[in-house]
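Beneath this line is the structure, given in structure tokens, with notes to follow.
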Amino acid sequence: MSAVPFSKISTPLNALFATIGLLVVAALTTQGLTGQERLVFELLLAAIWLAYVLQLSGTLLSRRRRLSGEMTALVIDLLAVLVPAAAFLFVGSRDRDLYCAIWLLKPLRDSTFFRLLAKVVANESRNLLGVTSVFGIVLFGAALAGYIIERDVQPDKFGSIPQAMWWAVVTLSTTGYGDEIPQSLAGRVLAGLVMMSGIGIFALWAGILATGFYEEVRRQDFVRNWQLVAAVPLFQKLGSAALIEIVRALRPRIVPAGAVICRKGEVGDQMFFIVEGRVTVATPDHPVELGAGNFFGEMALISGDPRSATVSAATEVSLLSLYAVDFQILSSSSPEIAETIRKTALERRGGPPKE
């Protein structure tokens, strides 16, 4: 079997291999395993390692494609193979299996999450730094107050600010006491205030990151939809302001090959623009194929007529759908867009465009 197909091991399969491997690593640390059981586990680890070797080979053989987009996958594939191999050669038999824990990274090789996380952190760095500064101030203030209040009561635990700082860290980051508990009333009041401050600070961090993720995902969706809309010939002559209105109204949709998009006789509530792929229109005479740049289902928006034909996906097709409600909003806010769609639809049907 060629090594190249192994470069296409899916993310779920990578996760499955990694999960099995890590469970085996955990099992090998238990006491009382027989020699036969240990051998079976070792062979299972070797089989997963060989699968990763084939995946790495496939990745290296397909380097003709863009290098930057696959660099993360290549690095993870290399680590998944080289780290266990180096451990087998240079580490004692007791601990060498533990190095297979590097397979924790395998499910992330095709993930875009860390790129998204890096963008969010970069965008929100000023706010995150501000909250971190507040955390540091509260941390030192809590340690100082704990030292002053508890140093005579518990000198072994609060005898210095560095000692009290451990209590402050634990109290700020958890709800409840850690291994050090204030004994005085003032110390307990301080602990309650520190715990509430910690809840507020971590809520600020979480809120900033959640808002940043939402804004970044929305921005990426807007850029992707803009590119899809700009690829439709019907909209290529429109200005930026009009395109923005369309991007807000159109909704992307992926339809698998063979799926029915709309059926003859149905009451339609949307029209479709083909961005990529082909669809088959079942006309009375013979089927007609439409490709990228074409649209269909427009009469449902213009005249409200039922669907005149059944349309199905000849291949996997990327569509942009415009609902009747959004079409009415576009007609009010940007009449030129609605008029362009209306004229083009009537011309396709052989009728004169309405002036």
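Glycine residues also receive a Cβ, built from the backbone N, Cα and C atoms like all the rest.
Here the structure is a predicted model, which means the values were calculated and not measured.
Positions annotated as 3',5'-cyclic AMP binding site by Swiss-Prot: GLY297, GLU298, ARG307, SER308, ARG348. Secondary structure from DSSP puts ARG307 (3',5'-cyclic AMP binding site) in coil.
Here Swiss-Prot flags 161-179 as intramembrane segment.
Mean pLDDT for the motif 'Selectivity filter' (174-179) in this predicted model: 66. Residues or ranges marked as motif 'Selectivity filter' by Swiss-Prot: 174-179.
Look at Swiss-Prot and you will find 1-12 (among others) tagged as topological domain 'Cytoplasmic'.
Summarising the annotation, Swiss-Prot assigns topological domain 'Periplasmic' to 31-38 (among others).
Look at Swiss-Prot and you will find 62-73 (among others) tagged as topological domain 'Cytoplasmic', backed by similarity to another entry.
For 112-128 (among others), the entry in Swiss-Prot reads topological domain 'Cytoplasmic'.
Away from its own ends, the topological domain 'Periplasmic' (150-160) comes close to residues 167, 180, 182-184, 187 of its chain (Cβ-Cβ under 8 Å, at least six residues beyond either end). Residues or ranges marked as topological domain 'Periplasmic' by Swiss-Prot: 150-160 (among others).
Taken from Swiss-Prot, the feature topological domain 'Periplasmic' applies to 180-184 (among others), supported by similarity to another entry.
Taken from Swiss-Prot, the feature topological domain 'Cytoplasmic' covers 210-355 (among others). The residues of the topological domain 'Cytoplasmic' (210-355), classed with DSSP into helix (H, G, I), strand (E, B) and coil, number 62 helix, 35 strand, 49 coil.
The transmembrane segment annotation in Swiss-Prot covers 13-30 (among others) and is backed by similarity to another entry. With a threshold of 8 Å between CB atoms, the same-chain residues lying at least 6 positions outside the transmembrane segment (13-30) that come near it are 38, 41-42, 44-45, 48, 51-52, 97-98, 100-101, 103-104, 106-107, 109-110.
If you look up Swiss-Prot, you'll see 39-61 (among others) marked as transmembrane segment.
Under the heading transmembrane segment, Swiss-Prot lists 74-93 (among others), citing similarity to another entry as support.
Annotated transmembrane segment per Swiss-Prot: 94-111 (among others), in sequence order, evidence recorded as similarity to another entry. When Cβ-Cβ distances below 8 Å are used as the criterion, the transmembrane segment (94-111) is approached by residues 11, 14-15, 17-18, 21-22, 24-25, 28-29, 42, 45, 48-49, 52, 72-73, 76-77, 79-80, 83-84, 86-88 of the same chain, each at least six residues removed from its ends.
For 129-149 (among others), the entry in Swiss-Prot reads transmembrane segment, with the evidence type similarity to another entry. Distant neighbours of the transmembrane segment (129-149): 158-165, 167-169, 171-172, 182, 184, 186-187, 190, 194, 197-198, 201, 204-205, 208; these residues of the same chain sit at least 6 beyond its ends, with a Cβ under 8 Å from one of its Cβ atoms.
As annotated by Swiss-Prot, transmembrane segment applies to 185-209 (among others).
The Cβ of GLY297 (3',5'-cyclic AMP binding site) lies under 8 Å from the Cβ of CYS262, GLY268, GLN270, MET271, PHE272, ARG307, VAL311, each of which sits 6+ residues away along the same chain.
Away from its own ends, the topological domain 'Cytoplasmic' (112-128) comes close to residues 72, 205, 208-209, 211-213, 215-217, 220 of its chain (Cβ-Cβ under 8 Å, at least six residues beyond either end). For the topological domain 'Periplasmic' (180-184), the residues of the chain that approach it from at least six positions outside its boundaries are 146, 149-150, 153-154, 157-158, 166-167, 170, 190-191, judged by C-beta separation under 8 angstroms.
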